[in-house]
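Here's the structure we're looking at; comments come further down.
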Amino acid sequence: MSVRCQQSPVLAGSATLAALGALVLYLAEPSGYGKYSENLMPVAIRLPARAAWFLQELPSFAVPAGILAGQPSSLLGPPATVLLGLFCAHYFHRTFVYSLLTRGRPFPVVFLFRGFVFCMGNGLLQGYYLVYCAEYPAEWYTDIRFSLGVFLFILGMGINIHSDYILRQLRKPGEITYRIPQGGLFTYVSGANFLGEIIEWIGYALASWSLPALAFAFFSLCFLGLRAFHHHRFYLKMFDDYPKSRRALIPFIF
């Protein structure tokens, strides 16, 4: 039995993403994991960072991948399945590569649960929309929105992965010492890893030209942009020799 597109849950999910992004900006506090966990959640139950990241990110890969697995397979199928494949590629890396390499602090279980629910909902929203609702013309592969969007997605993913690599090299296993990141886009901004992921999702929104993708890009900009701002402020307070020309998120601007 074929699944028919229901627009109401797509609109509700997209509105929820946008509202969550606005709420993040309104509250103006970083989520309480990583360097902020001790101050915001001093007595929280925690899991090791690798296990927590794996469990949190898994639904964002498994849910859309499961939806995608039910579609006819081909190397270059309909644009919607290719776009969902890009989404899955990002979260495959976050689930099975990043989570096993990270050297972060133990992760509060309450934030793991919130992240798990968010990833489940967003994975379902993006997968459901692209497979059952999206309609693209035959020439979408040659549309400038698709081409530029995919380019930005791949560029942003490359920046994100390279920046995460630089951050990992700052610590030996088991260390929690903070050092000034150097190289790559960290030359210009404190949140190079966040900038890369924001570029990814802007590219995804452009290539898919959809409300759910736009809402997710907006949420990512709010959530990661605020985190970059707090990281920048943290570095300025901790290091007297922190580069004064370095910005928080956007080179030379912010």
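Along the chain as shown, residues are numbered 1 onward.
Cβ atoms here come from the backbone N, Cα and C positions, even for glycine.
What TrEMBL says about a protein is an automatic prediction, not a curated fact.
Fair warning: this is a prediction, and the values are worked out from it, not measured in the lab.
Summarising the annotation, TrEMBL assigns domain '3-oxo-5-alpha-steroid 4-dehydrogenase C-terminal' to 106-254. According to TrEMBL, the feature transmembrane segment maps to 109-132, 144-162, 183-203, 209-229.
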Please list, for the domain '3-oxo-5-alpha-steroid 4-dehydrogenase C-terminal' (106-254), how many residues fall into helix, strand and coil according to DSSP. 104 helix, 4 strand, 41 coil
Within the same chain, where does the transmembrane segment (209-229) have neighbours whose Cβ lies under 8 angstroms from its own Cβ atoms, ignoring anything closer than 6 residues to its ends? I mean 6 or more beyond. 10-11, 13-15, 17-18, 20-22, 24-25, 28, 30-31, 122, 125-126, 129-130, 134, 145, 149, 189-191, 194-195, 197-198, 201-202, 248-249
For the domain '3-oxo-5-alpha-steroid 4-dehydrogenase C-terminal' (106-254), the mean pLDDT of the predicted model: 95
